[in-house]
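The substrate binding site annotation in TrEMBL covers 5, 48, 53, 54, 73, 120, 243. Positions annotated as active site, proton donor by TrEMBL: 148. The active site, nucleophile annotation in TrEMBL covers 249.
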């Protein structure tokens, strides 16, 4: 916990509580939603390895292994590569030493990609992503005052972007709207951190949304409760948030037939 990267000093992570929260998160995906969950082994030499989202971007049958912006995280890619190879995905590796890309800066809307240009992701990383997923438009969005693009936004439905209320978040949304030929609906929540949620469309369950718990962000939780067509599942993330972790950070969603 003490070695994990963090953008600002703050309270220490309660490891036991972090572990419980993570187990509940995995339990919801596996038990409540019936998804197949492949857990990567923990690596004590890589304090940020719980944040698997940053080391791979998966779309359809292709997986792009990224080159994380923080040098201390580059070795995390190896374990991800092994597990993605076991799924027989088409794997592309980012080997250009001038490129950096964190998955937390990649928002896939189902129609196109938005890539945040942040302290962790640069233009060359965005270009390699565009080369990898040629079927989709890729637009870049400057990210200021936040670690990643998805620190203040995510998809909350098929055409719905959840976005925080801060000036930086709203400015980024405006950029995305200007870049896109498509009109997205938006769900604005008071807290930037709460705008990071996990949307799933599961055949037997319909629209499912994992969002931050009411005890953490009560006003934002009230906004999510307006989504009457969704199965809403509140998830606590108090501990990993202390080291810049969000809900999407801890999983890579792969849409694949169930013969795994």
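Positions of Cβ are set from backbone N, Cα and C atoms, glycine also.
Quantities reported herein were computed from a predicted structural model and do not represent experimental measurements.
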(request) Measuring Cα to Cα, tell me the gap between residue 120 (substrate binding site) and residue 249 (active site, nucleophile) in whole angstrom. (result) 14
(request) Determine, to the nearest whole angstrom, how far the Cα atom of residue 148 (active site, proton donor) is from the Cα atom of residue 48 (substrate binding site). (result) 15
(request) Starting from the Cβ centroid of 5, 48, 53, 54, 73, 120, 243, which together make up the recorded substrate site, report each further residue of the same chain whose Cβ lies within 8 Å of that point, ordered by sequence. (result) 51, 68, 70, 102, 104, 244, 249
(request) Quick one: give me the count of other CB atoms within 10 A of the CB of residue 120 (substrate binding site). (result) 24
(request) Output the one of 73, 148 that, of all these recorded positions, has the highest number of other Cβ atoms within 10 Å of its Cβ. (result) 148
(message) Long-range neighbours only, meaning 6 or more apart in sequence with Cβ under 8 Å: which ones does residue 54 (substrate binding site) have?
(response) 48, 66, 68, 73, 76, 102, 103, 104, 120, 249
(request) Quick one: give me the count of other CB atoms within 10 A of the CB of the residue listed as 'active site, nucleophile'. (result) 26
(request) Can you tell me how spread out the substrate site is, meaning the largest CA to CA distance among 5, 48, 53, 54, 73, 120, 243, in Å? (result) 15
(message) What are the sequence-distant neighbours of residue 53 (substrate binding site), meaning same chain, six or more residues apart, C-beta distance under 8 angstroms?
(response) 103, 104, 248, 249, 250, 251, 252
